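Visitor: Quick one: the structure is below, questions incoming.
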């Protein structure tokens, strides 16, 4: 072997400076390039100053372009008479400021996928290398390759060299996380095969499910498989050998994993050339080590390709967005810009934009409005899709059972108000007479009626023209057509974008559809009036909420209501509905429905207002169905709130203060006050910017509960107020809204002071309307937090439910939002909950129950129960504090003298109290509004 000295290398580089520049450009790191560029700059400046005799004079062009950051490829052009240092500086001045990765990225964006070819190593030279040298040589060969196909081909060829195998194949993982499979990327790669010979495309790729065959089992188990005789293994498919004529003896198959340990591919090598074709343990070790680096290389190449595609898409969308909104004052100029961009993007011969007339736009706006109304009034009809269909829907095609295939909206009924055409670089505004019988306009109308993308590869074979006479347009021959509806921000169709004939003669493909789809979004936003933006956002948010609600809920079926109707409704005494210590723990769900109906029967509301019994049963079932199965704010909570209202009215002697409409609305409000509760509070909705928070600026959840209540009442068979006269109906809805919104503690704090002043000044009748509204608001709060008044055993169990729900929100805030929750929602602060419960009673509950005890002696049990539970929580808090103090004292003082031990022991009474109290780890505040209360306290409300 010829020995090359340092002088030989130095002489070669001096004689071939372009080789040095190319090598540095492709292999040197950023720091090295900057040093080289700076050195050449200094030499060039020195030489330039010496030649011109002007110290301090800057180089022409170069300094100016560099300082402005506009150094282009032209500035790197080497002039024949330039000094060599200046030439070299021009070459490196730009390169030194950009990374090699950025240059590769730019080449990919420009469509240049050519890469520096690796030097082909002689097999004998490789064999003479040590194992470390061989690995470094092969890893270096793939380290800088970012094209997935080229990289995989190099991997298999290098593996063949490493293991002395005859050929190999590589499969990559595709599919979703739950449905993964392998696809053959390269098949039967030998040491001499080219990439083009080995690569598989979508047309001939082999799909292998996980767990099937040798490669599938390797992917599933993540363990290598070394088979010495494949014909003796049932997992091997011998049909492949029969088709190809190749005899497979042995296979070594191994998974390729990424840095997270996930399988991203499977590589397998076939038939070791030397010996008996069997792969040894040493081959397995070499294979595994090499594939470790291959996994990194493939992952990087895939990520790089994804980033290139995403960058292209982002650049496209940014360009479109900038262009669409630069021109908003003149529709003709805007459409011209739209068509120029579309024609340039997709390289088509002709581009057109058709806009609908106002009357048809109004029809579609009306259709959109009716669709949202049907979302609000949806009732169970067996099929949600059928229920959402509009008999007057212009877009719905005839169903399978129809006798005709003609669309419900005829093409002839569609009328365009304006049409613009761009052809041969000239834009033309078409007159109605010009596009009335136009083939292109006819295709645009078909697209509008179908309300979806229309891609016609060959117009002469398109069945949409059967039976229609469509003449050629002014001698222009259309072969392939791509049409896309244009939507405004309300998702209403306002026109059609149409592209005809790609310049290369090929039909429009799926990628073109994706581009024109994104393009049409910006087109619609550009055409649509910007003043509609805010209303459109609100409409989209409301639609999102409506769809979410309907995806989860459904009204109760007629059969469910009929089942309740035929069953006996037990008496109130059987359920103890008139008692303050009511407990629903042993009641079934059907019992809660019957008990609810019993309360409305005893209140004489069903007969007085002539509410159909079926409607009443169905409404109660529907309300129950529309509560989510969250831990606490569910149907059971609503049922208990309604029972407390019933008890306050009849046992607490408040019924005479209200008329029947008010009683009906208050009891209905109690049942509906937490409809569709998600187990999180208002602050959480605002924090995550949910659609609900976008719709309502204050009392987010309470407004949603009321809207959901109205949606149920408006749905078929659920209007319990249907017999009300118009004036009473409006009044009942107003009371409903006022009562439900009053459950927001922010409003409770504002009103409590006024209520206190009235009660302490001797008010007991509440005859004026404003005073009665204040009383109703305070009653809703008293009912909502009434769990705090129950016997201790019941209160303790309910507190555990509330705690669990609070902790669930706190966990979400920790894990998903990365925020520290407030103490009552933080599992780590569970020991502080008894003290927080005492604070909650003192700040929220006790004041309102003390005032109601003054309003009516019959309401005093509520206050008594609240105070008894406060004492339980106080004892528990004191015991926990005492236990903590003892532990701290033991920690600080260590072993105490006996006389000190006697002095430090808690009293007998406290010990007994501690023994009888449960650990407070599952206790919490007892209302959905507790978290809000603490938040108000923290901000000084």
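We count from 1, first residue shown onward.
Each residue, glycine too, has its Cβ placed from N, Cα and C.
TrEMBL labels come from automatic prediction, so no person has curated them.
Sharing the feature lines straight out of TrEMBL:
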type	residues	note
REGION	48-83	region 'Disordered'
DOMAIN	557-880	domain 'PDEase'
BINDING	633, 634, 635, 636, 637, 674, 784, 837	AMP binding site
ACT_SITE	633	active site, proton donor
BINDING	637, 673, 674, 784	Zn(2+) 1 binding site
BINDING	674	Zn(2+) 2 binding site
REGION	874-941	region 'Disordered'
COMPBIAS	885-904	compositional bias 'Basic and acidic residues'
COMPBIAS	905-926	compositional bias 'Polar residues'
COMPBIAS	927-941	compositional bias 'Basic and acidic residues'
Visitor: Which one of these binding-site residues, 633, 636, 637, 673, has the sparsest Cβ neighbourhood, judged by other Cβ atoms within 10 angstroms?
Guide: 636
Visitor: Measuring Cα to Cα, how many angstrom lie between residue 673 (Zn(2+) 1 binding site) and residue 637 (AMP binding site)?
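Guide: Their Cα atoms are separated by 10 Å.
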Visitor: Please determine which of the binding-site residues listed here (634, 837) has the lowest count of neighbouring CB atoms within 10 Å.
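Guide: 634, out of the binding-site residues 634, 837, has the fewest neighbouring Cβ atoms within 10 Å.
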Visitor: For the domain 'PDEase' (557-880), provide the mean pLDDT of the predicted model.
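Guide: Averaged over the domain 'PDEase' (557-880), per-residue pLDDT gives 93.
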Visitor: Would you count the other CB atoms within 10 A of the CB of residue 674 (AMP binding site), including those on all shown protein chains?
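Guide: So the number of other Cβ atoms within 10 Å of residue 674 (AMP binding site) is 26.
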Visitor: If you pair up every Cα among 633, 634, 635, 636, 637, 674, 784, 837, the residues annotated as binding AMP, what's the maximum separation in angstrom, rounded to an integer?
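Guide: With 633, 634, 635, 636, 637, 674, 784, 837 as the binding residues for AMP, the largest Cα distance is 24 Å.
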Visitor: Around residue 784 (AMP binding site), how many other C-beta atoms are within 10 angstroms of its C-beta?
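Guide: Result for residue 784 (AMP binding site): 26 neighbouring Cβ atoms inside 10 Å.
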Visitor: With every protein chain in view, what's the tally of Cβ atoms within 10 Å of the Cβ of residue 635 (AMP binding site), excluding that atom itself?
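Guide: Its Cβ shell of radius 10 Å holds 21 other Cβ atoms.
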